[in-house]
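Asker: Pasting a structure here, questions to come.
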Amino acid sequence: MIETDRIISANTAQTNDENVIDRAIRPKTLAEYEGQPAVREQMEIFIQAAKARKDALDHTLIFGPPGLGKTTLSNIIANEMGVELKQTSGPVLEKAGDLAALLTNLEENDVLFIDEIHRLSPVVEEILYPAMEDYQLDIMIGEGPAARSIKIDLPPFTLVGATTRAGLLTSPLRDRFGIIQRLEFYSIDDLSKIVYRSAKLLNLDITTDGAMEIAKRSRGTPRIANRLLRRVRDYAQVKGSGVICFEIADKALSMLKVDPVGFDHMDHRYLLTLMEKFAGGPVGLDTMSAALSEEKGTIEDVIEPYLIQQGYIMRTARGRIATLLAYNHFKLKIPDNLSADQQQTLSI
């Protein structure tokens with residue numbers, strides 16, 4: 001897939017070195033956690049209340065686009081509660097026994113983090129229901145007429161589920177979460193603080209305007225901001241004095257073909273296809289997928305969310321439509337053959 005080559009993709013697989021760096025700069029407490037003020041305030045109250053009662057925190061669902069800190073927040077929850085974190089992902093839990101092994105190894109009030117929880121198989125998901133509600137594990141012993149069910153008591157624990165596709169969760173599973181938090185794209189100010197903090201932890205010399213320039217091109221996503229910081233660091237070492245200032249950041253990011261609003265070649269290709277090939281739309285997902293030679297899931301989950309959030313495209317019942325902002329960004333003339341309704345939509 002094309003998106004795996006994108007430096008600004010929050011889904012891009014990371015190298016071992018990058019994972020080590022990310023763990024080193026990852027905030028450990030809510031006090032270090034920048035951005036998401038509503039989430040931070042709520043979680044601080046919920047965690048303090050649970051600790052005062054000496055209870056496990058309510059099961060927590062965290063959802064939002066990739067790279068916004070769902071895994072980071074799960075680690076913070078465990079750290080703030082003073083308990084262990086056991087981590088896995090939906091696709092890894094293929095059999096009921098896989099989940100049973102994890103659950104039976106939990107200590108009191110521990111946190112079990114399941115990433116991509118929407119990808120749990122139905123068999124595994126059914127095991128979770130009594131575990132979440134009653135802290136009990138139902139296991140079938142034997143087969144056929146001799147089969148019998150036994151119940152194993154579990155210690156109180158907190159399940160933290162993370163997903164980019166909250167709509168794919170079944171209602172019975174979603175309803176069992178006592179706390180549901182949505183992570184939003186970060187503001188430029190919050191991202192610049194994250195970039196500045198990461199630079200200091202990596203012993204990099206960075207100016208305020210250098211951090212701000214990286215933040216502006218990071219698509220509201222901390223994972224992308226930290227990745228761009230590492231690439232700008234490389235550029236500063238080779239082409240500059242090692243100091244990350246505005247000029248160095250601008251030159252490095254331009255070399256990486258990340259434009260001033262954070263768009264890369266894939267965003268440009270998507271928007272130009274929509275505006276030049278299809279006169280601004282409306283265009284259906286199947287048509288865009290064929291025109292771009294890209295998977296529908298990648299278009300919906302990776303390319304479009306930021307474009308929609310920033311107001312460059314609209315999803316309507318008839319398909320995707322380029323907005324006036326998109327035409328202005330590329331300095332393109334709005335086609336004369338657009339319908340009156342579409343002209344009105346573009347002007348909103």
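Backbone N, Cα and C atoms are what each Cβ position is placed from, and that goes for glycine too.
Per Swiss-Prot, the features are:
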- ILE25, ARG26, GLY67, LYS70, THR71, THR72, GLU133, ASP134, TYR135, ARG176, TYR186, ARG223: ATP binding site (BINDING)
- THR71: Mg(2+) binding site (BINDING)
- ARG315, ARG320: DNA binding site (BINDING)
- 4-186: region 'Large ATPase domain (RuvB-L)' (REGION)
- 187-257: region 'Small ATPAse domain (RuvB-S)' (REGION)
- 260-348: region 'Head domain (RuvB-H)' (REGION)
Asker: By DSSP assignment, list the helix, strand and coil residue numbers for the region 'Head domain (RuvB-H)' (260-348), in that order.
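Answerer: Going through the region 'Head domain (RuvB-H)' (260-348) residue by residue, I get 49 helix, 9 strand, 31 coil.
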Asker: Measuring Cα to Cα, how many Å separate GLU133 (ATP binding site) from ARG315 (DNA binding site)?
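Answerer: Distance (Cα to Cα, whole Å): 38 Å.
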Asker: Express the predicted model's confidence over the region 'Head domain (RuvB-H)' (260-348) as a mean pLDDT, rounded to an integer.
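Answerer: Within the region 'Head domain (RuvB-H)' (260-348), the model's average pLDDT equals 83.
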Asker: Please state how far apart, in Å and to a whole number, the two most distant Cα atoms are among ILE25, ARG26, GLY67, LYS70, THR71, THR72, GLU133, ASP134, TYR135, ARG176, TYR186, ARG223, the recorded ATP-binding residues.
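Answerer: Looking at ILE25, ARG26, GLY67, LYS70, THR71, THR72, GLU133, ASP134, TYR135, ARG176, TYR186, ARG223 as a set, their Cα atoms extend up to 37 Å apart.
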Asker: Pull the DSSP breakdown for the region 'Small ATPAse domain (RuvB-S)' (187-257) and write it out as helix, strand, coil residue counts.
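Answerer: The breakdown for the region 'Small ATPAse domain (RuvB-S)' (187-257) reads 51 helix, 4 strand, 16 coil.
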Asker: At the level of the C-alpha atoms, what whole-angstrom distance separates ARG315 (DNA binding site) and TYR186 (ATP binding site)?
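Answerer: Between the alpha carbons of ARG315 (DNA binding site) and TYR186 (ATP binding site) there are 22 Å.
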Asker: If one looks at the chain holding ARG320 (DNA binding site), which residues at least 6 apart in sequence have a CB under 8 angstroms from its CB?
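Answerer: ARG320 (DNA binding site) has long-range Cβ partners LEU274, GLY281, PRO282, VAL283, GLY284, LEU285, MET288, GLU304, ILE313, MET314.
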Asker: Work out the three-state DSSP category of THR71 (ATP binding site).
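Answerer: Once the DSSP labels are grouped into three classes, THR71 (ATP binding site) ends up as helix.
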Asker: Please report the number of other Cβ atoms within 10 Å of the Cβ of THR71 (ATP binding site).
Answerer: 19
Asker: ILE25, TYR135, TYR186: which of these binding-site residues has the highest Cβ count within 10 Å of its own Cβ?
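Answerer: Per the Cβ count within 10 Å, the most buried is TYR186.
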Asker: In DSSP terms, helix, strand or coil for TYR135 (ATP binding site)?
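Answerer: Coil, per DSSP.
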Asker: By the count of other Cβ atoms within 10 Å, pick out the sparsest of the binding-site residues GLY67, GLU133, ARG315.
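Answerer: Comparing Cβ neighbour counts within 10 Å for the binding-site residues GLY67, GLU133, ARG315 gives GLU133.
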Asker: According to DSSP, folded down to helix, strand and coil, what is ILE25 (ATP binding site)?
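Answerer: The three-state answer is helix.
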